[in-house]
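Asker: TrEMBL lists these features:
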BINDING   24, 26, 28, 68, 261, 301, 302  Ca(2+) binding site
């Protein structure tokens, strides 16, 4: 369930555009007005507001935001105001073009591929082509080395059936294939790549359950026995996003605020990309795992308008 609260009868895009324009004018910016409008509109409403703002004032809403805001608040509100497929395409491109790429930068690719609906993933791939004049698969092939390239290309190019259809005979057979490959430490084996990148989510969850029942350990545990490496890490994230995405994003939020300092980019990405998807479930999982709500984590590690904006996306009244 999403956490964003939308007014039952929201103002028209024209009214919202006029209020936003007023918020930018004068000696200072009315950040609370920006949060109150953009933080309480769904994706289609935000898209209409951006289009209407451009038509009325012959100016991009994004340019206005950039000229008036800064820091983590600016990054968060820009990411949120973007159309979701375009937003995720840009996140993937940023990860692939990072000068010092680490495996953690690539997690966003796995998240989009494995924790999104098939229709959203297809929309992201179309947006990527439109924005960057090449496919996401081509950019992965150009920027990522084997064996990570093999699994990432397969994951982003999948188009999974989105209905709850499960064949238990196939689940048992493919659990055996997965176990054999993992036991032999062949984590980029075609069996693993094909199964994870082809089967629907319900089928895969049944396969993971068969794996645990047959071999008395989870697929996560057996992958960890193969040692620590980038491929193990990506496979673990992919399986977790397929099996229980709310647990993965609860872990992401925890990692962003745990210890000294805050990883605002990580925190922003988790909340912005999931606020309209499953943030209520993520909050429940975060509470269960860490005995702390996502709201309390945000309050404890952020401040100012950035904090208020994230709390608004979590459905809190500011």
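Each position is counted from 1, following the chain as shown.
Just so you know, glycine gets a Cβ as well, placed from its N, Cα and C.
Fair warning: this is a prediction, and the values are worked out from it, not measured in the lab.
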Asker: Counting only residues 6+ apart in the same chain, whose Cβ is under 8 Å from the Cβ of residue 24 (Ca(2+) binding site)?
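Answerer: In sequence order, 64, 67, 68 meet the Cβ cut-off.
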Asker: Using a Cβ-Cβ cut-off under 8 angstroms and a sequence gap of six or more, which residues of the chain neighbour residue 301 (Ca(2+) binding site)?
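Answerer: Set apart from residue 301 (Ca(2+) binding site) by at least 6 residues yet with Cβ under 8 Å, we have 256, 257, 262, 267.
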Asker: Other than its own, how many Cβ atoms are within 10 Å of the Cβ belonging to residue 26 (Ca(2+) binding site)?
Answerer: 8
Asker: Using a 10 Å radius around its CB, how many other CB atoms surround residue 68 (Ca(2+) binding site)?
Answerer: 16
